[in-house]
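Enquirer: The annotation compositional bias 'Low complexity' is assigned in TrEMBL to B:392-401. The domain 'ABC3 transporter permease C-terminal' annotation in TrEMBL covers B:311-388. The annotation region 'Disordered' is assigned in TrEMBL to B:392-427. What TrEMBL lists as transmembrane segment is B:20-38, B:311-331, B:352-377, B:448-471.
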Amino acid sequence: MLTVKNLAHWYGKTGKPLYENVNLSFEDAKVYTIIGASGSGKTTFLAFIAGLDKPQSGEIFLDGENIEKIGATNYRKHKVAIVFQQYNLLAYMSALDNVLTALAVTDSEHKNDKQYVLDALAGVGIEAADAKKNVQQLSGGQQQRVAIIRAMLVDANIVIADEPTGNLDDENSAMIVKLFQNFAHEHHKTVIIVTHDTKIAQQGDVKIKLADRQFIAS
Amino acid sequence: MNYLKRSRLYLTHKKGQSLLMLLIMSAILVFVLSGIIIQNAAITATNNVTKSAGTTITVSANRDKMFSQMRSSSSKTKTLTTPTVANTKIAKAGNLSTVAYYNITNTASVNASSFDAVSTTTGTSSMGGGNMPGGGGGMSANSGDITVTGVSSTAHTATFTSNEAKLVSGRNIKASDANTKNVVIEKELATDNSVKVGDTITIKTTATSAKKLKLHVVGIYKAKTSSTGMPGNDPSNTIYTSYTLPASISGTAGKSSTVTYTLENSAKEKATTKQIKNIIASSAFSVSSDDASYQQLLQPMKNVQSFAKKIVWLVAIAGTIILGLIIILSVRTRQREIGVLVSLGESKLHIVGQLFTEMFMILIGAMVIATLLGGFVGNKVGNQLLSQQQTTSVSSTTTSGAPGGGAPSGNMPGGKTGGGMMTNQSNTSAANKKALKTLNTSITPSSVIKLGGMGLVIIALAVCVSAISILRLRPKDILIGE
């Protein structure tokens, strides 16, 4: 379980506060959607829980352990996986190599298991022939599915997705959300999706709205 | 070791960029290798010059002392007496480890008996032969029409080594000719008198009670220099024999007046001069060294060496800066990739390691290209450089006056002494030709290892410089933006 305690952040040292006194808990086997207007600070919040940035105040705990104690690199390596709106795949590799690279970096037990990765990619509609192509030759939807498989196979406790359907059509968006739901429910993982799309936000097990510097769960 | 695979994938995917880097790195390494091999060749050539420049140390009569003794003599007839030193002392000095070989020179003036001298007039000198032209280098007080020059070996005599005289028939005078009457005569003298190798000629000493000596002709040489018109000065009238014969004619058997030591290693000139002085241990002799050839050969080599060193450093520094800038620019274009890797949990050190590995792979390729081209470029640049340096050196020598004239050689045809200038110029010219050939710019395993070391340092520094920008990257800024 990921717990955020008394988190506060503001622009500059004495600037306008982005949010104050945020206390949230993210449980296993659930999909959380965080919706908020542009500039509301939802992506900044994502950066804090993903270990990519530090809040100016407050603490974040994973299963009771402060993520600062775990160490940012170690936390990113073993505890959290991130899916970006721009897919952020390594452009000079195939889909297969992208996933294998992530497995190698995170020191996964499947780090050299090509078949394991090919099967997982096939499960989201990317067959071996496509999996071995350079990722830039794949469509946006395919690339996002590769990015999601990459996040899922590294065996992180938490998967954080930043506008994962932002560049996709409805059909692909639905498929991506379904993937996250299955992953959270079947593998008992926590999935946190940051979005501005209300349709996507509605599909979360827990919906969190960020407005007026407050996170309101429903 | 995942980053090794990433490096390979990156380089194979970015073929154009990799090829460009390979070309840049190859260009840098070709010049670094050229510098290294030119430097190595110059060092080898310098060592060869040190060994083969033929720096000589000459032990000869101290003329000031000779004249002061003559003037202080109470005798009515002032006679210039050339001092002698025992051959045993000469041999002792010759056995020094730094001496390659030595050549004793004794001269005596005699008259032709069974043959006619070439275009000379007979006469005597009131001062004696001393060091006057035709006077026979100082062993004899009287002057004849023939100069008998005794040496240890004609092959090592300056007149022969400088090609002023060249053996055309028979053989040279060798050390084994000591205590014999074997001689080598000049071609014109031989032709005029129909003398051939194997014939016997007779000479007559210039002493009051003239003695006849039968000499056995073992060789004929051709002298290049022409007569100055002075009596006894025609080079054709010089007969070469063993150093023992003139000493015997002058009544100083077992002693000699001039010896030239040729050093094994020119760098040991000062120490050897001191040792020889100690062995000769006589103020009647001056011990002088002539390393002009050595110095003249050494300077261009040193200049080439220094220039090559500068090439290596300049190219290495410029290469590091160029590669560093290229990698920094490449890091800027790869920020997203770096951010993705950081978000996956890859350490920044491994990302720097990936960059280093990519550069290392390019370095290997560049080293192959540099090894193939470096020898050719190094050879061209090195020889061009050497040629320029030698031209500068010769031109500077000509302007300032050729070295030489210092040590009396005492073995010029006609018994002339003080022939150092001509002899040294010839020696230097010959040595220059020799040195030009010795600049061998071949690629050795050690030069390739040195190149590899330099290459590693260059890419390590370049990657380190660019690593600063990687370490400063914040993945949030790269990957997430609102």
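Every residue number used here counts from 1 along the chain in the order it is shown.
In case you wondered, yes, glycine gets a Cβ from its N, Cα and C as well.
No curator has checked TrEMBL annotations; they are predicted automatically.
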Enquirer: Counting only residues 6 or more past its boundaries, what in the same chain has a CB within less than 8 Å of a CB in the transmembrane segment (B:352-377)?
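Expert: That would be 3-4, 6-8, 10-11, 18, 21-22, 25-26, 28-34, 37, 323, 327, 331, 441-443, 448, 451-452, 455-456, 459-460, 462-463, 466-467, 470-471.
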Enquirer: Do any residues, 6 or more residues outside the transmembrane segment (B:20-38), come within under 8 Å Cβ-to-Cβ of it, and if so which ones?
Expert: 304, 307-312, 315-316, 318-319, 322-323, 326, 359, 362-363, 365-367, 369-371, 373-375, 377-378, 381-382, 385, 441-444, 447-448, 450-451, 454-455, 458
Enquirer: Kindly state the mean pLDDT of the domain 'ABC3 transporter permease C-terminal' (B:311-388) in the predicted structure.
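Expert: Averaged over the domain 'ABC3 transporter permease C-terminal' (B:311-388), the predicted model reaches a pLDDT of 85.
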Enquirer: With DSSP helix as H/G/I and strand as E/B, how many residues of the domain 'ABC3 transporter permease C-terminal' (B:311-388) fall in helix, strand and coil?
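Expert: Across the domain 'ABC3 transporter permease C-terminal' (B:311-388), the residues distribute as 74 helix, 0 strand, 4 coil.
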